[in-house]
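Heads up: the structure comes next, in structure tokens.
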């Protein structure tokens, strides 16, 4: 059904033209430093996504401390999760201009600051600003680079690499749930947040490990990709031809801008060389002017790439399957987040706290989630298996579990459903792979930024919506039913659009053959 972006009739044309001369593969692609990138991304997922999955512990503390409604209190966790993902498109701009390493280090500092300031909260609204906004933006500035860097360093083992790195979410949910529960019991929730802020400074170390690939190394990766795709289908739809005729980024304009930029920098270099006999003050001014000029060129090129991805002739939104993917993301993520936020409260309602204290249901989801990501990643990398089909099957399993969960009122029943939720939600490791297949490596940062932005909107409104439904009905059942139905709508979009695209491509090929 789906194998690559060629199969759905869309190509940004970002792969380099390769001659017949063989090029030795770079040892850092699919190996070498690439595994350090996986380790860095793994730790980022533990510290960011794992911590957010454990916020149900703090949510109960906030309910008791501030005595506010469940719907209002849930906004704290939702803002943090949602903003982490919603800022994705803007973080893509930062990455285009500053690179992944600088963006991640700044984000690590912001995230730690948000946790520490939240320890002094006097009300829920204070937490909206410090934990929801500040920590959320910081998390987004680290999370997106962690995903993008893995995509840049891997070609043949992308699904496995993403699966291994994103297992940090499961490990983190398990570890952070236990850690926050212990810290809240021993030191209180305020000191727990302060300690967690200090731990979050390790995100800066993770960012420092994100060594960027040189342009030469990126070209070598494209060579590997082109060689691996030579035997794939060559038929492209009308949308592809339109995009190529308009140009990837307006290639002529881009070349003119590069020539102008080089001319500016060249003139600065000439002035600097000719002015060596001048005073020290004038030389300092020339060097400052050169630095500012180089920075301006970098910012202009980064903004041009970011702008063209969203609004240019080769906008990501001209890819209909990608648009369907975005619509799916708007409904999907809340179905995964709602159980993490509200399961501790559901367990308390069903009088299952004794069993849950022995082995929390959220920990079951987290542990099985680890195996789900690795196993689904290994399966998707098999040559005879379609990543897209694995992705869809996992989605169907997850939505079934969400609709089934309210029917379970025993610990064993809830544990089985939570285990299935954990395994099927392992498809998160496939999202960057599917996105890269749709748009290519060059546009991965901006495209995945849009996807996680849609996920962020879903996460932002999901838990408060569930809390609001509970405040009205005094039950969580309807929250899961409505979330599951909306999730099913998103899956239907994923099923329909590629079929329509393929049908249009076949009809066009038939018409051309008849002519």
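For all residues, glycine too, the Cβ spot is worked out from N, Cα and C.
What TrEMBL says about a protein is an automatic prediction, not a curated fact.
Range annotated as transmembrane segment by TrEMBL, chosen from 126-148, 218-240: 126-148.
Of the candidate ranges 12-32, 75-95, TrEMBL annotates residues 75-95 with the feature transmembrane segment. Of the Cβ pairs linking the transmembrane segment (361-379) with the transmembrane segment (102-120) and spaced 6 or more residues apart, fewer than 3 are under 8 Å, so the two regions do not touch. In this chain, the transmembrane segment (126-148) touches the transmembrane segment (446-466); three or more CB pairs sit within less than 8 A of each other, excluding pairs fewer than 6 residues apart. Computed over the domain 'Major facilitator superfamily (MFS) profile' (37-502), the whole-number mean pLDDT of the model equals 77. Long-range contacts of the transmembrane segment (411-434) within its own chain (CB-CB distance under 8 A, at least 6 residues past either end) are made by residues 147-148, 150-151, 158-159, 162-163, 165-167, 169-170, 325, 336, 339, 343, 347, 352, 355-356, 359, 361-362, 364-369, 371-377, 380, 387-388, 390-391, 394-395, 397-398, 401-402, 404-405, 444, 448, 451. In this chain, the transmembrane segment (386-405) does not touch the transmembrane segment (126-148); fewer than three CB pairs sit within less than 8 A of each other, excluding pairs fewer than 6 residues apart. In this chain, the transmembrane segment (102-120) does not touch the transmembrane segment (321-341); fewer than three CB pairs sit within less than 8 A of each other, excluding pairs fewer than 6 residues apart.
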